[in-house]
Amino acid sequence: MKKAIVFKNIKKTYGTFEAVKGINLSIEQGEFFGLLGPNGAGKSTLINMLAGIVKPTSGTIKAMGFDVEKQYQESRHSLGIVPQELVFDPFFNVREMLRFQAGYFGKGKENYDWIDEVLEKLDLHDKASTNMRKLSGGMKRRALIAQALAHRPPIIVLDEPTAGVDVELRQRLWEFMKELNSQGHTIVLTTHYLEEAENLCGRIAMVNHGKLVALDNTKKLIRNNSSKNLNIKIDKKDKGKILKTLKGFDVLIEDEMLTITLEKIDELNSIITLLKKNKVNFFDIQTTEPDLEKVFLQITKND
Amino acid sequence: MINWKIQLKGTWTLLKKELLRFWRVVFQTVAAPVITGILYLLIFSHVLDSRTEVYEGVPYSAFLIPGLIMMSLLQNAFANSSSSLVQSKVMGNIVFILLTPLTYIQFFIAFLIASIVRGLFVGLAIYLLAIIYIDLPLMHPWFIVSFSILGGALLGTFGILAGIWADRFDQMAAFQNFVIMPLSFLSGVFYSIHSLPPVWQSISKFNPFFYMIDGFRYGFFGQSDISPYISMGIVLTFFIILASLSIRLLKTGYKLRG
């Protein structure tokens with residue numbers, strides 16, 4: 001089966017600034033894929049190159065097997081891209097915009113039912129005849145997402161689609177994306193809400209300073225790159241004793257909270273034994289699970 | 001390969017969007033220039049009708065009408081493509097077109113036809129209002145039709161080029177005020193170039209607007225400053241040059257794609 005998206009040795013330079021420094025990345029059909037990175041990391045440049053809005057300095061990009069430069073018509077047919085900027089055309093209403101957008105892809109009346117379904121799923125049906133200018137920010141964002149879906153593309157790329165969007169729409173949008181994903185659509189997502197990426201994406205790539213710094217199955221990425229924390233409530237007076245007892249461990253004491261980063265879960269027993277042996281009083285014990293946010297911070301900090 | 005039906009549907013959609021765009025603000029895009037054209041006609045014909053005769057047996061007001069129609073047609077054809085492009089660039093919604101599989105040729109054709117249509121609307125409206133009270137012959141209707149379509153096409157293309165080049169509204173306003181306005185006013189709308197001193201006659205011959213207006217006027221009166229066939233050839237040459245340039249820029253994505 002053809003890959004949904006392939007970036008091969010992609011570089012993009014603006015003058016002397018290298019925005020993307022030779023990225024290789026493949027996304028399979030049917031994946032729910034997360035592209036993460038701090039601001040200015042090169043995520044949007046990658047998406048814009050995929051969309052054909054920005055030309056790569058070198059390398060090739062394919063969407064559903066079609067080269068985005070040499071076979072741009074075919075590749076764009078397979079892509080539905082939600083741009084990051086909240087842009088709109090002030091001359092038309094929501095339904096007109098969606099019909100135009102589908103029409104550019106050669107879709108006519110046979111596609112109107114699908115447009116109505118998109119309007120319904122994104123809770124835009126009440127606003128279908130409202131001029132784009134008169135929509136609130138959140139509604140404009142929904143219309144922008146609907147526009148990307150209007151021609152029913154097999155690959156949907158969402159560049160920070162939930163920025164400035166209320167919780168209800170976020171939930172609704174993700175339900176819809178999961179549904180589309182289950183129907184076989186490939187979904188690529190960039191977001192600053194890492195919890196969303198952790199819950200939705202099967203695989204994640206992290207980009208920093210124009211380079212790919214991590215690429216793995218989401219669960220593995222978290223497991224391999226972050227450690228469990230052991231949090232113990234202590235008596236502040238014991239701080240000196242604790243630091244002496246736990247020499248060699250990664251320890252942090254803030255007020256009455258002792259936090260120890262565990263390299264391995266087996267360390268838990270020896271820590272408790274050592275604390276008891278040295279008569280350190282403790283009042284509560286918890287372990288905290290690693291999450292994508294920690295992994296993200298760790299990876300981007302180390303890079 | 002994308003099949004021709006899909007390509008045709010795509011081009012038609014963009015054309016329809018461009019036509020609706022100006023139709024939604026028809027008071028600004030059609031009614032306003034028609035009123036301006038009619039006001040020019042009323043004032044100039046009132047002041048000069050009894051004093052000036054440019055062509056033998058043709059009253060000045062009748063002489064003026066084709067010039068005013070063509071000037072308005074050209075200015076509005078230019079305004080249509082240029083303002084649509086610069087607005088889309090400034091507002092960022094050009095991205096909706098850039099993300100589609102539309103080719104640079106489809107893009108060019110849709111913007112071009114929309115410009116011609118708006119120009120024709122304005123020109124036809126001025127014509128219909130003017131002939132209510134001024135007699136105007138129609139000697140060679142095909143010259144009238146061809147010069148109006150070709151003129152609209154040339155200025156529509158000029159508008160596409162200006163729209164690609166301009167990044168801000170003030171740049172576009174400068175283009176309109178310092179290029180389009182002088183070229184249209186100094187083109188023989190209000191006079192025959194034979195009434196000008198020899199130096200200005202020579203300078204006028206470098207102005208493509210002059211050939212469009214002179215050839216167009218021939219269609220009404222059967223008289224012109226130079227042969228309408230030469231004018232047609234010159235206008236066509238200008239169109240081919242500008243169309244090639246704008247297609248080239250659209251193909252390379254100049255100022256549209258990064």
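Each residue, glycine too, has its Cβ placed from N, Cα and C.
Note that TrEMBL annotation is computational and uncurated.
Annotation source TrEMBL lists domain 'ABC transmembrane type-2' at B:24-253.
For B:25-48 (among others), the entry in TrEMBL reads transmembrane segment.
Annotation source TrEMBL lists transmembrane segment at B:60-78 (among others).
Listed by sequence, the residues of this chain that lie at least six past the ends of the transmembrane segment (B:90-113) yet keep a Cβ under 8 A from its Cβ atoms are 2, 7, 10-11, 14-15, 17-18, 81, 84, 153, 156-157, 159-160, 167-169, 243, 246-247, 250-251, 256-257. The transmembrane segment annotation in TrEMBL covers B:90-113 (among others).
Counting residues 6+ beyond its ends, the transmembrane segment (B:120-136) has Cβ neighbours under 8 Å at 30, 33-34, 37-38, 41, 45, 59, 61-62, 65-66, 68-70, 72-73, 76, 148-149, 152, 220 in the same chain. What TrEMBL lists as transmembrane segment is B:120-136 (among others).
The annotation transmembrane segment is assigned in TrEMBL to B:142-166 (among others).
Among the features that TrEMBL reports, transmembrane segment is placed at B:178-200 (among others). Tertiary proximity for the transmembrane segment (B:178-200) is limited to same-chain residues at least six positions away from its ends with a CB under 8 Å from its CB atoms, namely 44, 54-55, 64, 67-68, 70-71, 74-75, 78, 155, 158, 207-210, 212-214, 225.
Per TrEMBL, the feature transmembrane segment maps to B:229-250 (among others). For the transmembrane segment (B:229-250), the list of distant contacts is 104-105, 107-108, 112, 143, 146-147, 150-151, 153-154, 157-158, 160-161, 164, 208, 211-212, 214-215, 218, 256: same-chain residues at least six beyond its ends, Cβ to Cβ under 8 Å.
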